[in-house]
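Colleague: This structure is in structure tokens; I'll ask about it shortly.
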Amino acid sequence: MREPQASIAARSPVAAARALWAARLVVFVAFFDLFVQYPLAAPYAEWLGAAPALTGFIVASYSIANLAGNIGAGMLLDRFGRARPLVLALLGTALVLAAYTMVRDAYQLIIVRLLHGLAVATLAPGAFALIGDLTAPDERARAMGINGALIAIAAMVAPPLAGVLQDRLGYEPIFLADAALMALAVPVTWLALRRVHVEPAAPSKAERSHSVDRYLTLARRPRLALAYATILTFTVSLGFLVTHLPLAIEVGGGTAAQRGLAFSIYALVAALVMASPLTRYSDRRGRSRPLGLGLLLVGLGLLTLALGLARPALVLGMTSFGLGFGLLFPSASALVVEASAPAERGSAFGLFYALYSVGVIVGATLSGLLASWAGMASPLPFLISGFLSATAGPVILLGALGGSRDAS
């Protein structure tokens, strides 16, 4: 589809550049917050007395609220612009993160996790929509590569930092540090974004719809459907990983620092991939190949973890998972930008991240149930999630090899 161009009003090119980097700051703090939770959420719930099944629900509760928040955020971003929703979301998330320090049992943790997921829901869709607005079509591979590298850096730094702080200071200082980072981003983002106004081209009748029909219309577009199906499959597997891996390492006698290191391995690999020229491959050969190969590698990584969590298998499995994530995420994000007009881009990314949440909800919940049935040391969650991604990847690859380069 031909994309209407956005009209970008800024006091200067410098102001527009500052707005772009402010959006990237939001991407970083949003995903730093997300990755801090990975090695902590399940053990924190268990520390508060939650059984394995309840632990899975607690991990998923964040994504349950995030799902509803993403849908609402998409419409708000398209109706009221990007700046105010982003600033309010940063402030609200900082307050909720501080509330983690007041939790005294697993059921209070559920409430805070729900509020957390709701507060943070605007950040990723808003930041990605704004970056799409401010980026020319021929620069999107580079822009998404930078975004992906920032996400991977956050994933590389946050888990081991969380693990070290937990080992030395406990849980509360981690949540307070995360809240402080989020609060510091508030004035920076507001000062940068108030100087730039992104005014989309006049929307069509379909683009003006703010109803279920709007999201159904987006989901029916073949290129968006491909991006959505890929991210859903990936995040189901991710939900299994972030719920089961920390518990399995802990049951095996591992420390919090070791849990953090495991997640940092895949983050480092993903950062290297997304900062490399590989991110431009999909511009030349289409998006489907990186998506399919990425899912296949994610699946192979999980199947490797099912063989055992001794150091060789753990390093190899998380390396493969990171390589797959590094390939698929920039391509999926670029597809969303390319297949949506500026006036509907907030909703397109809202649906993208809603499906991200759905995947984590399903994966985390099933992982908790399987751990309750088969035991926390069981490889079954890795086997099931690995089979899912390893099967979906070749399906996409075969479709890509059977056709030509993705149509614009």
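The backbone N, Cα and C atoms fix where each Cβ goes, glycine too.
Automated prediction, rather than curation, is the source of TrEMBL annotations.
Among the features that TrEMBL reports, domain 'Major facilitator superfamily (MFS) profile' is placed at 19-404. The transmembrane segment feature in TrEMBL is assigned to 21-41, 47-65, 86-103, 109-131, 143-162, 174-193, 224-249, 261-279, 291-310, 316-337, 349-374, 380-401.
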Colleague: Per the definition of 3+ C-beta pairs under 8 A with sequence separation of 6 or more, do the transmembrane segment (47-65) and the transmembrane segment (291-310) touch?
Modeller: no
Colleague: Looking only at the domain 'Major facilitator superfamily (MFS) profile' (19-404), what is the model's average confidence as pLDDT?
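Modeller: Within the domain 'Major facilitator superfamily (MFS) profile' (19-404), the model's average pLDDT equals 85.
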Colleague: For the transmembrane segment (21-41) and the transmembrane segment (316-337), does the number of C-beta pairs under 8 Å, pairs 6 or more apart in sequence, reach 3 or more?
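Modeller: Contact between the transmembrane segment (21-41) and the transmembrane segment (316-337): absent.
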Colleague: Are the transmembrane segment (86-103) and the transmembrane segment (224-249) near each other by the rule of at least 3 C-beta pairs under 8 angstroms (pairs 6 or more apart)?
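Modeller: No; fewer than 3 Cβ pairs under 8 Å.
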Colleague: Which residues, given as numbers and ranges, are at least 6 beyond the ends of the transmembrane segment (316-337) yet have a Cβ under 8 Å from it?
Modeller: 128, 132, 135, 140-141, 144-145, 147-148, 151-152, 223-224, 226-227, 230-231, 234, 241, 262-263, 265-274, 278-279, 282, 287, 290-291, 293-305, 345, 348-349, 352, 389, 406
